[in-house]
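Participant: A single structure is presented below for examination.
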Amino acid sequence: MAEQEASGLQVLLHTLQSSSDKESILTILKVLGDLLSVGTDRRIHYMISKGGSEALLQTLVDTARTAPPDYDILLPLFRLLAKVGLRDKKIGRKALELEALDVTLILARKNLSHGQNLLHCLWALRVFASSVSMGAMLGINGAMELLFKVITPYTRKRTQAIRAATEVLAALLKSKSNGRRAVNRGYVTSLLGLHQDWHSHDTANAYVQIRRGLLLCLRHIAALRSGREAFLAAQGMEILFSTTQNCLDDKSMEPVISVVLQILRQCYPTSPLPLVTASSAYAFPVPGCITTEPPHDLPEEDFEDDGDDEVDKDSDTEDGKVEDDDLETDVNKLSSKPGLDRPEEELMQYEVMCLELSYSFEELQSKLGDDLNSEKTQYANHHHIPAAASSKQHCYSKDQSSCGQEREYAVQTSLLCRVKTGRSTVHLGSKKNPGVNLYQNVQSNSLRRDSSESEIPDIQASPKADAWDVDAIFCPRMSASFSNSTRTREVVKVIDKLLQTHLKRVPFHDPYLYMAKARRTSSVVDFKMMAFPDVWGHCPPPTTQPMLERKCGVQRIRIFEDIRRLIQPSDVINKVVFSLDEPWPLQDNASNCLRFFSKFESGNLRKAIQVREFEYDLLVNADVNSTQHQQWFYFKVSGMQAAIPYHFNIINCEKPNSQFNYGMQPTLYSVKEALLGKPTWIRTGHEICYYKNHYRQSTAVAGGASGKCYYTLTFAVTFPHSEDVCYLAYHYPYTYTALMTHLDILEKSVNLKEVYFRQDVLCQTLGGNPCPLVTITAMPESNSDEHLEQFRHRPYQVITARVHPGESNASWVMKGTLEFLVSSDPVARLLRENFIFKIIPMLNPDGVINGNHRCSLSGEDLNRQWLSPSAHLQPTIYHAKGLLYHLSSIGRSPVVFCDFHGHSQKKNVFLYGCSIKETLWQAACTVGTSTILEEVNYRTLPKILDKLAPAFTMSSCSFLVEKSRASTARVVVWREMGVSRSYTMESSYCGCNQGPYQCTQRLLERTKNERAHPVDGLQGLQFGTRELEEMGAMFCLGLLILELKSASCSHQLLAQAATLLSAEEDALDQHLQRLKSSNFLPKHIWFAYHFFAITNFFKMNLLLHVSPVCDT
């Protein structure tokens, strides 16, 4: 049958070419038209494959060459060619070979006064010009001159032909040669004039497509440097800017405004950033490295512009896909285990990091109380591992009880009650019940200072609530000589009064201890100040915050404002009000501009420029010893007025996209709010967008290549109080000093009879800061051989975090993990009794301290140094890897290794793991995969977390091994230590668009009122610190269930877990009944039933005395 159809079509096409009978030709054209008018494009492609294009073109040439040409045949022929040509990518080449190109051009010239005939010719020329090379050929043959005869000033006649002519001209101008020809012949001015004329007369917007066609011509010309120069010389920026200002809100004008925006952005002159140098404002002399002169920015003429277009996109193009050509396909590299990168005898030094393997219970007891409140030994050679004496164990007496009470209160509800159900952790605002205050029961003695920590830095503030001068609240660091002065005692009294008057108790935080710790934190430029939020502390807000709904056109408005600066420079103040590169001070307290400051721990703001009265351009600092990685920001701002929107434009961001385009907001901390009892980082800002700007890096900095692009993050903030002091940050800050304070408070809070908690110094960093290593497990029940044997043979779990300083969310997740592991939660107790946790909570302290986003003080990404780290340049990575080597060498490789990270391009929380087979399958390298033996247990933990953790999603997890990730912790620990469950856990800076956190507060209120079901595709909730800490605790729960599902799980642990689950089942059932009775959040009810299925699974396995089967 197919052969008959093919032969029938071929007969028709052959007859069409060979027949000279008009009626036969018209009949065949009608039949072909009917065949192609129904069905899918497959019919057109089929006809093309059988020579349909050639047949139509040949008929066109033959008919056109008859005298006179028969337009009864030519018009339907042109219509068919227009339809077929849209699907035939080679139509232009075929037309050239069969001389149809010239024939059509001749026919168009002959029909300038015949509207319908000309229109059909233009349709054919449009498809021929779809090929750039054919468009160039048409330009050589005078097509553009012809088209300019068709495109006239505003008229209501022959508008179809004029529209078609603009479309053909736009296609021709894709050719660079045609573009240059248009510039040389002055067509840029002509096109601008035509557009102005049509715009001014077409008040009803009836001919928007003609105006768009004219603009497309200009856009293609502007792709050339000469075209942009001609456009600017013809005042094109001013003309297009003014013609669009009155129609920005008109939806019918969207096609025009979109192209105008592209042209204006394309023609905006590129310029260097307003910085002295592209290098960081801070420099650190790296041992053994020669310091080079940082490259300085060059004048504008040094900048190349690639002329790329950028459309105002609102679609989420998060970079979740791995390029197949980056996948590792070498089976030997994937499956082989490299040798040690250091002498084997060197691993012995890490025994001091595993004292739990050698302590007897008597030795451990004798150590308790030793070195009370002593400082960690400071080592002159920071590349050597400290001796065992530097360990800090359970060394605090029971009278330090307040922190324990904080912890007990915070975890009195078991973690099992907060799994992926309609849990209380989605804290929604309510006037009747604002939610349980986790901080009311914290006793005031949590702020008590030890006598050894009397050297308290200076906080200056008025303690009177009615006479606040909050801009005077600052926290300078103090030298040792000054700290003993009378002034210090006076300041301490002020601090005490201020804290007693205003402080809201923050669990696991002590301002006095923080200030004492801050004095011992070493920074590159020796910061003299501390940020108020870090000293005062942070409490999670009582309610969650939904993702910001982005209003249509926000980005467009901000770009037009950028363009206004160029064409109306008199409106721009352009005053530098803060700069790390300029002499201090630049700001006058009496001036009416905002005051900025960032020279404190983790702070990052390099320069602030006042653009307009309430608008500022900001530039963030590059990483120390680097010219890159501008993303993290954290700075103080004061001198504001309330109820006025201030616009901030961070103009030197590097990433091509950001979650700020998809619902994310920066964070804000108000000092006045904190003194009113709300010490909280909140998401803030409106009119947020992220887009490419006109700044470029110079070719000198880029090493001779075309300079990279920069992007602008813009947002507006309406401050809650006038003359407040506020802090703005990319994400919730978490400093190194906060970590060291937190660890000490945790150490004081543990129950010495139950929890084995020890701090070691893994090493000293390049900057001279100790990198902490924490060990957590359960104390042995007694000093009997049996109990000590069980204590020493517990499997290890290794968790690390914050290798990238800007990923502060990783530290909040780690905070949740640490607090949960030392808590009295029954799940935490089971975990301590069955595992030893080795935790390195901050792998890059120097980067965190100095406000870096990605690198250490050496200017290197430490998570790309795991293959062969240097003890001198990357000490934390070198010794972290050494510790893992040591555990592997004694047969104690961790069950799970996980490195906590933050992700700037995707939502939710997810894991990256490693799999040989999945990598090869994805790369389509299936040869030999059948012989590769690989366990599938690497998928078990992600599946567990997907069922338990509200923020986690399995759909974003990946187990591919990329070449570009070969030197990361995840891949190196997997390959070299043989840890099959080696992961990177990524937490979004933004929030969740799945699971319980998918529902926004506004929708929940509507659902409750209307008894409606939530709809899919919601924006979801932004992460707060509460949700991040919860994820850290849920990760721990996942480790327990992973062990329960393993074939090696002991019957004793199964029995303990069954008892625990039975105790929790009643509470979960009551919670489920409440949800059912209120008909609230049906999805969450499903999650609750799902959790009951999990618990029943473990109980059945216990009753049947069968170990659970590994998840496949």
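Every residue, even glycine, has its Cβ placed from backbone N, Cα and C.
From Swiss-Prot, here are the annotated features:
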- E986: active site, proton donor/acceptor (ACT_SITE)
- H804, E807, H901: Zn(2+) binding site (BINDING)
- 299-329: compositional bias 'Acidic residues' (COMPBIAS)
- 291-345: region 'Disordered' (REGION)
Participant: Excluding H804, E807, H901 themselves, which residues in that chain have a Cβ inside 8 Å of the centre of the Cβ atoms defining the Zn(2+) site?
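Facilitator: These residues sit around the Zn(2+) site: A801, R802, V803, P805, G806, N809, A810, N863, F900, G902, H903.
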Participant: Would you mind checking how many other C-beta atoms are within 10 angstroms of the C-beta on H901 (Zn(2+) binding site)?
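Facilitator: Counting Cβ neighbours of H901 (Zn(2+) binding site) within 10 Å gives 23.
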Participant: Round to a whole number and give the Cα-to-Cα distance in Å for the pair E807 (Zn(2+) binding site) and the residue listed as 'active site, proton donor/acceptor'.
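Facilitator: Cα to Cα, E807 (Zn(2+) binding site) and the residue listed as 'active site, proton donor/acceptor' are separated by 10 Å.
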Participant: Helix, strand or coil: which one is E807 (Zn(2+) binding site) in, per DSSP?
Facilitator: coil
Participant: For the recorded positions listed here (E807, E986), tell me which residue's CB has the most neighbouring CB atoms inside 10 Å.
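Facilitator: Checking each of E807, E986, the winner is E807.
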Participant: Going along the chain, which residues six or more apart from H804 (Zn(2+) binding site) have their CB under 8 A from its CB?
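Facilitator: Non-local contacts for H804 (Zn(2+) binding site): A810, N844, G847, H853, R854, D861, L862, N863, H901, G902.
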Participant: If H, G and I count as helix, E and B as strand, and all else as coil, what does DSSP give for H901 (Zn(2+) binding site)?
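Facilitator: DSSP assigns H901 (Zn(2+) binding site) to strand.
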